[in-house]
Amino acid sequence: MNPGFDLSRRNPQEDFELIQRIGSGTYGDVYKARNVNTGELAAIKVIKLEPGEDFAVVQQEIIMMKDCKHANIVAYFGSYLRRDKLWICMEFCGGGSLQDIYHVTGPLSELQIAYVSRETLQGLYYLHSKGKMHRDIKGANILLTDNGHVKLADFGVSAQITATIAKRKSFIGTPYWMAPEVAAVERKGGYNQLCDLWAVGITAIELAELQPPMFDLHPMRALFLMTKSNFQPPKLKDKLKWSNSFHHFVKMALTKNPKKRPTAEKLLQHPFVTQPLTRSLAIELLDKVNNPDHSTYHDFDDDDPEPLVAVPHRIPSTSRNVREEKTRSEINFGQVKFDPPLRKETEPHHELDLQLEYGQGHQSNYFLGGNKSLLKSVEEELHQRGHVAHLEDDEGDDDDSKHSTLKAKVPPPLPPKPKSISIPQDTHSSEDSNQGTIKRCPSSGSPAKPSHVPPRPPPPRLPPQKPAVLGNGVSSFQLNGERDGSVHQQQSEQRGTNLSRKEKKDVPKPISNGLPPTPKVHMGACFSKVFNGCPLKIHCATSWINPDTRDQYLIFGAEEGIYTLNLNELHETSMEQLFPRRCTWLYVMNNCLLSVSGKASQLYSHNLPGLFDYARQMQKLPVAIPAHKLPDRILPRKFAVSAKIPETKWCQKCCVVRNPYTGHKYLCGALQTSIVLLEWVEPMQKFMLIKHIEFPMPCPLRMFEMLVVPEQEYPLVCVGVSRGRDFNQVVRFETVNPNSTSSWFTESDTPQTNVTHVTQLERDTILVCLDCCIKIVNLQGRLKSSRKLSSELTFDFQIESIVCLQDSVLAFWKHGMQGRSFRSNEVTQEISDNTRIFRLLGSDRVVVLESRPTDNPTANSNLYILAGHENSY
């Protein structure tokens, strides 16, 4: 590159030949390349620039970077700006990052950590002596060469660029390594290069424990914890495994007060890094990467072994005998038509939310804020979430000794035992709001923990828009008695108006490749058989659309594991095993599959594209290899596509909800003696823990649902329904309030009713299924009635499960199903067949039904889906 240019405009491919892609991230892709003139290898980061991103400041960083030449710093070769892509050329480090390495090898040894820490400190000492900060020390940014040399990467120009790019998607991932003074910069008034020394201590823990402290917590909550005055620096968890010297080194690096924290020069004199440490330690580590010993490191729990009985990896659908007659129900399935399923306001609208929350409109105002630093983005996020005002107040927050490093505080005094607790009413509601009836269940003596994340400010009201229509002209305005409208409908309409003509042309018409949709008619769907003779004992079902192929898959959770069925290949129908452990619950969020799996009934998070790729790889293995025993045993962490969510063992029930007021999505799990609440973090594409509430669960736990209420950050958790006691109150919701900082004690003096289903259709509309009756009530448990909506629907059978359609409720019982109109309580559809036993397997996106013969309930089952609606998924 011509040294006269700070940012070359020539074609970089004239100087470098791209060999292979070696990494990718939210910023772009990293390639291994070769200089065509010298033959020298290089690492090239290719970043696609978005409109409005200003990189004028980067040129100044490039000039500064030219002077940075040190054995422990990745050499900078130059940068190219070509069309809308920025190419950053750096020294190639063939050993990879320490994060990549420990994902394969497991924890580093103490001497290896000492060697890496010493080399890192030497690089920081050089940077600090030149008046520079790294600002992003962590395992992912410490690289090894093929010869075992340690190099610091992603600082200077890369740090500035990454900080700018990261505001789009990944700005939230860094707080785990962030020093307290950086987290509280607005109150503390700035920070200096000593923040890098804090990150060295956190990285040492990361290399020893495979993740930084608080990594299982929501990033914003971890950031908030660090700003508290009683925050205690983290320590190594295992006191006996590591030497006193290592413990003391971590303690010195993690000195909370930056004025007392040692400099890089001072820390280089610590006995932990002055002991004899040679490059052979890193070479041994690289050898372990290239020849991993899977017997010494694996990512599984001994209490969750492989299935004892080998089950088929591939299950073909059996062919029906030509002379075999269809059952009476199957004949009716082809004749009875159903209207589309109702999209609830509290249902996480995955694809829509992804574009709305992180689309261009949002980026231009927030993520693409010029050349602001990563820190500034985090500050803005704190402002947006209402945390800043709370940063100045260190009192009144309960302790979270299990997850954080705060000193224990005395919990606040318990309030007097209330008879019932009022729910804030919408100002537009015409209901009497004097008597609140959502009731908090008795909780344990300890307060709900933790509530360190302060409540977000109430969101602004949505502008008036056309109410969303529910079925035959029953709008949400009519259903609610208030002008709330359907958030899903409003957002989709708004999204549609914002699309340019070009974008509309580019959008493919078919949402998925599967069963063909029917024309847009009032009732155009029917149940279609998709599998004949299924031997699995299925507990649940959902569906997913592959973003690359657009093929639609059914995903089943069964005793035998997680299986999938491609609806685009029904001509050669077969189920494929995705995961070998028992599964009792499934939910898909974007490309992430959540499940309750394994012997210990623990929550898992699976990467769906990775899970499908891995299943295909297993099919190519020799038949002699027991593939069902492979996943957790031999798969390195780096490539693991299934991960257990910590602290979620013995999960009985789960539910997912979206808060229509804020757009945030929550996953709640009922454990044996507690409740866990997790929030979806879009940049990280996973649910992360925000609350762990000790609570004695009812036994048996018949129902477990979340209810979103106005002006509350987190949804209430409904664990039961009892008879109403107040005037006009037909039901009373027994709830646990995650927003409370103390325990609420209320005595349940009325027995629970036999409730089979509770679902929140809209903000103040809840459907409660009791025995043979369905009641539509508000948050206070009072019936909602109008000229266009029946408040009660009655059936002549014991309801086992329901699906809400746009005009009706479809109730399932042992030998069939019946639909009744929301308006008139009249029967809209009915299928009955005493020769078959029916069971609803799932209704998220796709309604999936199972059928077995009555005279042989253990026989193989037939599977059906409600198909035919345009845009159904």
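One is the number of the first residue shown, and numbering goes on along the chain from there.
Glycine too: its Cβ is placed from the backbone N, Cα and C atoms.
Since this is a predicted model, take the numbers as computed values, not measurements.
Annotated active site, proton acceptor per Swiss-Prot: Asp136, in sequence order. DSSP assigns Asp136 (active site, proton acceptor) to coil, not to a helix or a strand.
DSSP classifies Val30 (ATP binding site) as strand under the three-state reduction. Taken from Swiss-Prot, the feature ATP binding site covers Ile22, Gly23, Ser24, Gly25, Thr26, Tyr27, Gly28, Asp29, Val30, Lys45.
Annotated compositional bias 'Pro residues' per Swiss-Prot: 452-466, in sequence order.
According to Swiss-Prot, the feature compositional bias 'Polar residues' maps to 487-499.
Counting only same-chain residues at least 6 apart in sequence, those with a Cβ under 8 Å from the Cβ of Ser329 (phosphoserine) are Gly816, Ile831, Ser832, Asp833, Thr835, Arg836, Phe838, Ser851. A helical conformation is recorded for Ser329 (phosphoserine) in the three-state DSSP classification. Residues or ranges marked as phosphoserine in Swiss-Prot (evidence: similarity to another entry): Ser329 (among others).
The feature phosphoserine is assigned by Swiss-Prot to Ser377 (among others).
Per Swiss-Prot, region 'Disordered' is recorded for 389-518.
In sequence order, Val30, Tyr31, Lys32, Ala43 are the residues near Ile22 (ATP binding site), counting only same-chain partners six or more apart with C-beta under 8 A. With every protein chain in view, the residue among the recorded positions Val30, Asp136 whose Cβ has the most Cβ partners within 10 Å turns out to be Asp136.
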